[in-house]
Each structure stands twice: as structure tokens, then as C-alpha cells.
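Student: Can you keep this structure in mind? I'll have questions shortly.
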Amino acid sequence: RIGRLMFRQAIQDPQQRFKILAINDSKDIKYLMYLLKYDSVHGTFDAEMNQVSDTEFEVNGQRVKVFCDKEAKNFKWGDAGVEYLADCSGAYLTKEKAKVHVDIGAKKIIMSAPSKDDTPLFVMGVNHQDYKSDLTYVSNASCTTNCLAPVAKVINDTWGITEGLMTTIHAITINQMPVDGPAKGGKDWRAGRAAGVNIIPSTTGAAKAVGKVIKDLKGKLTGMAFRVPTVNVSVVDLTVKLNKDASYDEICQKVKEASETHMKGFLGYTDEEVVSQDFNGSSLSSIFDAKAGIALNPRFVKVVS
């Protein structure tokens, strides 16, 4: 699903910076186009699509080759002209595993989930300026890390964070079950409970991952998740102890300032009476909700994004 949504964004890029050459997905081209066209969350994809052959289809005039194999070594990205490969499968999250993509012709690998080795994590607006062009493997971290890191950076840069706990109230994900049944993978029993009628406690490494993106926060944050019966838009609830005194209004003002200057396009700010669905389809990584947070005292504060 991440791959399909990325496909949509790339095709619709107003600056036309991307040319999609190949994907690995269902071998049934008609079904693949159906999944691309209709989305229960983001609506119908406004594009002209047609099947060219058993292994190719066209989207707005761009011809896309389709591979269908669980073993990446069985096809060749290089033959299709692929340079940058977004691995959205979650199956190649180490350099060792992702090397198979390079061996078959891709030049740069972007992992759509946090890496499980020392592959560097980058969050736009937070540490993307540290990217070096000689890197072969990079990770875009997780959705929750992209929401948490911009806010954590503003607060830490201004007042310093002594320690903190994060809870993400998270939309349903693909590893959950529509009705009670054996959990996928068998490890997280609670993930096997019906997703549409339960609040399900879960784990997340997002807060710890922030320590990889903002080195000063390593070991200072951890967190957990609740999966809730919504299909899109999740919330980060971050409670931190500050190094220096700050009023809640001062925190809001600093985040607003960042959203309008050096983090513009990545960090947003709202003081309106909004709910989760109001952010569906937003291109921002994180939108700070000024009216949802609260402070206990000048050193202890909860922020919501």
C-alpha cells in the first residue's frame, strides 16, 4: 500500500521529477490497476491507465514494467533502467538483505520502514541535510518517527529534553485482523483481535528511532502504541521533562515559527477545533495541535501532533 500511494504521488508530481520504470507487485495487471485506481482512504486516482501486455501497463503515458516475484534475485531492475528503488515490502531492511536489489541493477535503495542495522535514517525537515550522495542505502524511518521527530527537535533545540514518553494512537495497519483470529506471525496475540471494535495496546520503536535521527535524544525517549478503529491519520502524544522552564504558549509559538520557516513543508501547526479526519491526505509529516496539548508545570509538558 505504501508503494501504491508513493506511485500516485510520483505520477502526479507537479514538477514531473519522477519517471516510474518498474514495480514488483501482482502479476494480474488488471487487478493491479484496480488497486491503484480505487482507494478507500484517498479516493479514486485520476489517471489514464491501460494494459499494454502481460508484463506492462501505462499510466498517463508512462510505461511501467511489472515484475511479480517474492525473490528479488529473479528479476533485473537494471534491465528496466531503474536507478532509485523504493523498497516498500518491509522485507529488505538491512544492507545485507537490500544488496540483492543492487546486485540486479538498482543504484540507490530507499527503505520505507526503519532499518534493522546501521543504515542511516532520515526524516525530512529534521536531519535530511546530513544526507550524502555517496550513500547507497537509506531509510525514511517510520510514519510515527516522521510525526514525532520534527516536534521533538523544536522542543529539544530550544529548551532541551531530559526524558520523555510517547504514545501513538495509531490507525489500523495491515498486520491486524478484521475479526478475531490467529495473529499474523503469531507473536502479537492482541493484534489478532478484531481491529474494528477494539483499542489494542501495541509496541512501536518510533520513539527510540528518534535517537538515531536526533543524536542528542538517544536513550531519552521510548514509547508504545494503541491501535484504534480508524483507517488513516494517527496521533503522537509526547510527554517530556524539560531542561529549562517554558510555558505551553511559548512552546506553541516556537513550533508555529518553525512551521513557517526552516521546517515549512514538513511541520504544520493548527489551533483550530480539528479531528483526525481533517488531516486525511495532508502532505505534511507532522501537524502540531496547539489546542490538544497541556502543561503540568514549566518543566513537564504534553504535546500532541
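Backbone N, Cα and C define each Cβ position, glycine as well.
Taken from TrEMBL, the feature active site, nucleophile applies to Cys143. What TrEMBL lists as NAD(+) binding site is Arg1, Ile2, Asp25, Ser112. Under the heading D-glyceraldehyde 3-phosphate binding site, TrEMBL lists Ser142, Cys143, Thr144, Thr173, Thr204, Gly205, Arg227. Sequence annotations record features per position, and here TrEMBL assigns domain 'Glyceraldehyde 3-phosphate dehydrogenase NAD(P) binding' to 1-143. Taken from TrEMBL, the feature site 'Activates thiol group during catalysis' covers His170.
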Student: Hey, how far is Arg227 (D-glyceraldehyde 3-phosphate binding site) from Arg1 (NAD(+) binding site), Cα to Cα, in Å?
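Tutor: Per the Cα atoms, Arg227 (D-glyceraldehyde 3-phosphate binding site) and Arg1 (NAD(+) binding site) stand 18 Å apart.
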Student: Measuring Cα to Cα, how far is Thr144 (D-glyceraldehyde 3-phosphate binding site) from Arg1 (NAD(+) binding site) in Å?
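Tutor: Per the Cα atoms, Thr144 (D-glyceraldehyde 3-phosphate binding site) and Arg1 (NAD(+) binding site) stand 17 Å apart.
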Student: Round to the nearest Å and give the CA-to-CA distance linking Thr173 (D-glyceraldehyde 3-phosphate binding site) with Arg1 (NAD(+) binding site).
Tutor: 10
Student: Looking only at the domain 'Glyceraldehyde 3-phosphate dehydrogenase NAD(P) binding' (1-143), how are its residues distributed among DSSP helix, strand and coil?
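Tutor: So the domain 'Glyceraldehyde 3-phosphate dehydrogenase NAD(P) binding' (1-143) is made up of 39 helix, 28 strand, 76 coil.
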Student: With D-glyceraldehyde 3-phosphate as the bound species and Ser142, Cys143, Thr144, Thr173, Thr204, Gly205, Arg227 as its recorded binding residues, calculate the greatest Cα-Cα distance and give it in Å as a whole number.
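Tutor: Farthest-apart Cα atoms in Ser142, Cys143, Thr144, Thr173, Thr204, Gly205, Arg227 are separated by 15 Å.
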Student: Please report the Cα separation of Thr204 (D-glyceraldehyde 3-phosphate binding site) and Ser112 (NAD(+) binding site) in Å, rounded to an integer.
Tutor: 15
Student: Which of Ser112, Ser142, Thr173 has the fewest nearby Cβ atoms, counting only those within 10 Å, among these binding-site residues?
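Tutor: Checked Ser112, Ser142, Thr173; of these binding-site residues, fewest Cβ neighbours within 10 Å: Thr173.
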